[in-house]
Amino acid sequence: AVLKKRLVKLVVNFLFYFRTDEAEPIGALLLEHCRITKEEENVFSISFVEEPERKYCFECASEEQCQEWIEALKRARY
């Protein structure tokens, strides 16, 4: 797995991701039918029912921030 630094922005039920030096998103994840899993300290992942082998991992600055993201993403996936 290759780790890349990205900025992310949650808008309704889309998680947009950006390169750190660009204003336009390079992609987006539609948070329907997704599974959000706590992986380890400060790390969670998003995977999808349709593509269980593909997993997006996110590392946060703190455990508190990680929990906040997990809760927000779970609310956004409807």
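Placed from the backbone N, Cα and C atoms, the Cβ positions cover glycine too.
Per TrEMBL, the features are as follows:
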DOMAIN    1-78  domain 'PH'
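Confidence over the domain 'PH' (1-78), given as mean pLDDT on the 0 to 100 scale, stands at 93. Secondary structure by DSSP for the domain 'PH' (1-78): 14 helix, 34 strand, 30 coil.
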